[in-house]
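These notes are about the structure you will find just below.
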Amino acid sequence: MSAADDTSRAGGREAAVPPSVVGYILLGTFLLTYPAYASDFFLFQVAAYAMILGIIALSLTFLAGYGGMVSLAQMTIAGLAGYLVAIFGATSATEFGLGWPWWLVVPLAIGLATLASALIGAISVRTEGIYTIMITLAIAVAFFYFTRQNYDLFNGFNGFAGIAPPMLFGVDWRTPLPFYYLTLGVSVAAYVFVLYISRSTFGLSLQAVRDNARRMEALGFNVTGHRIFAWVIAGAIAGVGGVLAVWFNGRISPGTISVGPVIDILVIAVIGGLRRPIGPFLGAIVFVLLENFAIDLIDRERFNTVIGLSFLAIVLFSPDGLLGLWDRLKGRLAQTRPPLS
Amino acid sequence: MKLFILTFMNGLTLAALYFLVASGFTLVFGLMRNVNLAHGSLYLAGAYIGYTIADATGSWYLGVVAGFVSMALAGVLLQILVFQRMEGQDLRQTLVTIGISIVLADLMLAIWSGTTYQFSPPEWLFGATELPYILGYRSSGEAVYLKYPTYRIALLVAAIAIGVALWLFLNKTRVGTMIRAGVDDRAMLAATGVNVHLIFVVVFALGAGLAGLAGVIGGTALSIAPGEDVRYLLASLVVVIVGGMGSVTGAAIGALLIGLAEQFGLVYSPTYGVVYTFLIMVVALAVRPQGIMGKRA
């Protein structure tokens, strides 16, 4: 892919598809009133879970879509935040968990996850392009093996259980309805945050770095600084997702951050589409629906084959994911311009 | 001292295994810029197929051949059917290999289930060989030597032989020269009239075949079970990151470092063993981002 081709595409990207206000209002109304017609299962196991996966995948979409760095360590960062919630907070195993209050634990967990992300970024930005995937995958797998064999800090194979969100304002935040609104609020905040960042001065120069790092360097931009800061932002988003995920599951163990879930995040982001921040949420909904209902079609054991084949189909036939399919469809209906390549 | 020598030997044999897996990975990457994240799956698939053949025929050697040939064929198919269609799009190729590894892992689980399999190597590889290290003396004055499993020594010798053969192939043959030229500059190689696609197929077959071969050989030294694919993928990744992409010598150095670090870590600080692997990678990236033997892209 030539640099010139890249820049011209990026130039038209933001302006070409302005999200319509009507769409936002419709979607907002639907999401806010969703509990009125959804069962607890659809509220908690489907919607809330999809949004949490969406938030973690959003951090990857931000890094990959705007920064051009495809990371496989996002689940690892989220998992680290989850582990820290368990280590600093309270768990069912009394010998673990420092029992600190939630208002200290949560910022600490997210903060340290962000720091870890910055470190991973600092390591991986020393090389470029395809190497990032290799290095982040190596880090993710190494962290998985580390949590599994280390009993002092991470309680090894068993991990931690009995982790719950705090009782606040007399509400049990783990019951489906409050938890749904909590994840919805955080998801919207994360979405708006990424949108805001992408249009800020930093976001624009980050996209320019993605398209042509050498030119930006020649113009006097600190390329490494921009990349590492992108990792900081992605780390914060993944950390928030990780805290929600550990509250959702109530437990965390090496299985949470093993290679399967690590790759699932990439699958979700790619299926949705890496071009816009709504992509990961779209991908997460498809993923969770497949996960829950593919069992009806085939053997539950073969879920990974289904998801792997869906992923392959998307990568082979629509590199921009479901969003790309949607754009092409719209382009064809409007007939105003040739479909996106 | 006895513990040290045993750990050292274990580290060496593990390094030999890692070298076999990673050399294919690094060759494929160096030439095609294709990060084949399904490489671990090829290792495991080769091991399973090798086991099935060895079990059916009763011949371990046939199992080794089957592991190599089946995966080499799989590599040819992958290259022709998938990667040739998306040349130059490295990210897409990598994503495809991830998809393939997900599906392969699941299918292997379906076919061979979660059971752990153990090969039985031929008679002469059984048992232990004495190392030239004297543990002590019997009352009769006869020296007692340290013993080490014969199979693991054979594994070490085999890996060295394959490494030398690979080096000779790359440095002394015409095809090898073409491959090295391709690693340095693909476009120029194509411009000189070489059929680059054919070279790609050859290298992919060789790399995948080596992974399958390592699957049988490694599966005999240790065992085969689901999850091994990830382990060897991690090893390959770290070995080529440390050693440098596209360099077989680099893969050997990287494999030595990682294999030894892993075994010594396991013995001297059991719960933090992985940290050493990680640290080696970080230090290598900090000092030489392109890897020890790597060239700047």
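Cβ coordinates are placed from backbone N, Cα and C, and glycine is handled just like the others.
As annotated by TrEMBL, transmembrane segment applies to A:15-34, A:46-66, A:72-90, A:102-123, A:129-146, A:177-197, A:228-248, A:254-274, A:281-298, A:304-326.
Contact count against the transmembrane segment (A:72-90) (Cβ pairs under 8 Å) is highest for A:254-274, out of A:129-146, A:254-274, A:281-298. Under the criterion of 3 or more C-beta pairs below 8 Å, with sequence separation of 6 or more, the transmembrane segment (A:46-66) and the transmembrane segment (A:304-326) do not qualify as touching, having fewer than 3 such pairs. Counting only same-chain residues 6+ beyond the ends of the transmembrane segment (A:304-326), those with a CB under 8 A from a CB of the stretch are 260, 264, 267, 270-276, 278-279, 282-283, 286-287, 290-291, 294, 297-298, 340.
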